[in-house]
Amino acid sequence: MLRAPSPLPGFGLGLGVLLSALTVIVLVPLAALLGRGVVMGPAEMAGHLSSGRVQAALLLSFRAAFIASAFNLVFGLALAWVLTRYRFPGRRLIDAAVDLPFALPTAVAGIAMTALYAPNGVFGQLLAPLGIQIAYAEAGIWVALIFVGLPFVVRTVQPVIDEIDPEWEEASATLGASRLRTLRRVVLPTLAPSLMTGFAMALARSVGEYGSVIFIAGNIPKMTEIAPLLIVIRLEEFNYDAAAAIGLAMLGISFAMLLVINAMQIWNIRRIGHV
Amino acid sequence: MLQTLLRTPAATALAALLAGSALFTPSLAVAEIKLLNVSYDPTREFYRDYNALFAKWWEAQGKEPVVIEQSHGGSGAQARAVIDGLEAQIVTLALASDIDAIAQNSDLVAKDWQAQYPHNSSPYTSTIVFLVRKGNPKGIQDWNDLIKDDVQVITPNPKTSGGARWNFLAAWGWAEKITGDEASAKDYVSQLLRHVPVLDTGARGATTTFVQRGVGDVLLAWENEAFLALKQMGPDAFDIVVPSVSILAEPPVALVTGNLKDEAQKEAAEAYLSYLYSPEAQALAIAHYYRSWDHSQAKPEDVARFPETELVTIADFGGWSEAQPRFFGDGGVFDQIYGE
């Protein structure tokens, strides 16, 4: 079982290093969280999660992350397509700018966006007369999460678009397919796996986002209070169990969602027969 | 897919740079005394000046030079950081219950810490006032004006902010005084919270929301924070309104005895706290808009700045050990208002 199937040397060492790194960095903190949950027991955990405020916060976090990631799915695909298929001045600059959300501390992004979208900000001033409020409302959370999630979709789809041979589209056209049909039957199926991966990563990233959101959301319980903030609030009350319960709930829901997305991937790959 | 993520050299380089600079802050090898004062949000300016004053006085006594580091944040979060191992020798927090929390959840602070320095270990006090936009366009004079239909109130979240707890209790204190019963006080405070569009996590965040973002008609603020906003934004941007009843807010100080490494550090830390009560330090506190006790060296115009108003005290609520769980604990009045 542990014998390397490949003639390359170093399998044992490689696996050892990988497993210990994975254990220390990922598994131990998660195990600590799970351990807290086990000690607490399911009844007490359900008690912590049954309050309306906790449920509202969880629902808000997942809803906002889903909306933002869905937006990024469309917008990110379009952006990746333009950046890969067309040549225009400034393309490399825009391409580099896509990575900025990775590099910028999210608190900085949150403060900057709050300044722009607040009722006296540059955008907020234009939207206020129309009765649209972004900062200190749920829409503000969407805006912040779109910002953090965008590079995940663009960066996962880009290399795949790069590999699609334009000849496939030409072949499809010469066989009489309309542009829409080519897009639907040739391009999108090829991109679907990477789109789903990008969507899943953006979703997972935005569900847990804290730094940028707390500045732009109003943080009002049951309205604009995200689950990660509620975890912090529970910690401030020295209520570690309630904090762990919310953390575990988020972990469980995220895990289930990623599982569903992965299952869809497998199903999709079987259907087309290749990636 | 991972390689596409790692293919972001800018991000990785920046992260490495940030991590590096955080790890390798210069550690001075000289045998000098180091103190870390872990404090709450609005004391930044005061302690910057006090640290310089103290260091000068300390060296004038012929002692080894002392280097004082400062940390600021929401009072509750700071208390938790100390419990979780932040090596503070001194805590100067927004309210006694946060230092009580350290004493209860660790052995770092003496149980009777509040009896160790004069005035409940509060070298300076403050109160809660209203900061309104210039000319007071909504005509806000007292607490009952805050629940008028078109008034928006900015206050931070009392779960995370010490200042917000004083705000909450000041409102409650007024309502109980006017109506005389608890049910109406709760009713008033829950109405008040319905006029709050943004609950920031700390006092400084709330000030930013009100002052920079232009949200809300009135900011419930520490008096010192309100004067500071007035000074920084110019007197033509805001007015201070003092309500008929407010609360005597006591931000206390304590020695974190469990984090004292040796006698030299202990001596310096004790002197650091005692010197807060000296006439010079008291004059400095009042210049930074705190109500201090000893006015002997204070400038008369600094003293004249503070209007008289009726103040309830935390003792009226049975002390923090009673007020904290009753109002702000899990399932307490604040949670009930937002419907747990």
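All residue numbers here begin at 1 and follow the chain in the order shown.
Positions of Cβ are set from backbone N, Cα and C atoms, glycine also.
Any TrEMBL annotation is an automated prediction that lacks curation.
Per TrEMBL, the features are:
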type	residues	note
DOMAIN	A:58-261	domain 'ABC transmembrane type-1'
TRANSMEM	A:12-34	transmembrane segment
TRANSMEM	A:54-84	transmembrane segment
TRANSMEM	A:96-118	transmembrane segment
TRANSMEM	A:130-154	transmembrane segment
TRANSMEM	A:186-204	transmembrane segment
TRANSMEM	A:242-261	transmembrane segment
Leading contact stretch, A:96-118, A:130-154, A:186-204 vs the transmembrane segment (A:54-84) - CB distance under 8 Å:
A:130-154
Determine which residues of the chain contact the transmembrane segment (A:186-204) at the Cβ level, with the cut-off under 8 Å and only residues 6 or more beyond its ends counted.
65-66, 68-70, 72-73, 76-77, 149-150, 152-157, 159-161, 164, 168-169, 172, 177, 254, 257-258, 261-262, 264-265, 268-269, 272, 275
Grab the same-chain neighbours of the transmembrane segment (A:130-154) for me: Cβ-Cβ under 8 Å, and only residues 6 or more beyond its ends, written as numbers and ranges.
60, 64-65, 67-69, 71-73, 75-77, 79-80, 83, 98-102, 106, 109-110, 113-114, 117-119, 121, 123-124, 195, 198-199, 201-203, 205-206, 209, 212-213, 216-218, 223-224, 226
